[in-house]
């Protein structure tokens, strides 16, 4: 394939959504330049110009093309570049991967992470729901190292928050929802994901991520309380 | 190549089940429709084949069950021969997926709340819904359909904005989408509802009106519950 225009990714450190886009690029073997936003400062003109609809990271810039939404970016990276496939080849396996990514996005993430951040009585309900949903996802590993099989793929990318972010949030909140004895496959998956060779350039440094969440702990708690009142 | 038979579990009136039917019609795939009764008990078949969400539509193809209307649409595009539902270019595919996600996660709720909600609260949903509708409408870009000359994946994703919006507006006695405000979408809705390939699955308007009239109180109750949760 002829030389492709440069790839840039607008992201910020600590964003699990921006990580998904980076993970897709790393696993596909696509070189890219990272443009870091500062979450707590004003959004850059570049970000606002290229993602006027959502005004959020990640944003992938490929030549004159702009792609937003982390999972849309992951599929674009899979289709626009040569490299190891991120999605399976069989249409049914692809449908299964997409179904479980949608499940993570729209069913699992909120109660699972609320169970870590919410304090008091409300926590129990989120924990019960989060664990039930987590078990359904965990079953999709089916004895494989990754959801994608021997190497991480699209669904591993979609699930990445359950890896490095879960670990750090557990430490910062002092709450562990997914316990090793009850969720051995998922906990092992998280370790394998975080230490995967191809993902090395984009797995966030744990100490730095821990510092980020520690620093912003009250902001997250306030955000969660506001969500609960809605 | 002979393919195993295709069945679709749906129910009359569901715009999500319709998306799956529309994908099958546009791809030219024969199928058998198995109708659930939405407000009756869910069938054992549905509960067995979609244990995670317990919702329609569910596509059955040979021994495979696929859930989630947009996942089904992509599966149909990939598993069967026929006219493509998604564009061929990776960037155009990313755009179609981005705007389908926009419909699903940004537009649908305020837009349809503006149809159902009565009294003072309606105004803000209408303002938000119509602003978001304008963003989507701009994606038509002078074409007859989002997919170009014929409907495609994004038209399928937008289906509820056609026959359903029209029927609900009539039953509720409101006008949310005005011709002078959104001429392109209004025309799109007419073209989509009358498209030859979709004839077998576009719901009969009288029947859809009767469905919403009959279930008016149920929908209003559900909407009020949602309003109170906010």
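Positions of Cβ are set from backbone N, Cα and C atoms, glycine also.
Per TrEMBL, these features apply:
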- B:4-84: domain 'GST N-terminal' (DOMAIN)
- B:89-223: domain 'GST C-terminal' (DOMAIN)
Over the span of the domain 'GST C-terminal' (B:89-223), count residues by DSSP class, listing helix, strand and coil in order.
99 helix, 2 strand, 34 coil
Taking DSSP states H, G and I as helix and E and B as strand, how many residues of the domain 'GST N-terminal' (B:4-84) are helix, strand and coil?
30 helix, 17 strand, 34 coil
Taking the domain 'GST C-terminal' (B:89-223) alone, what is its mean pLDDT?
96
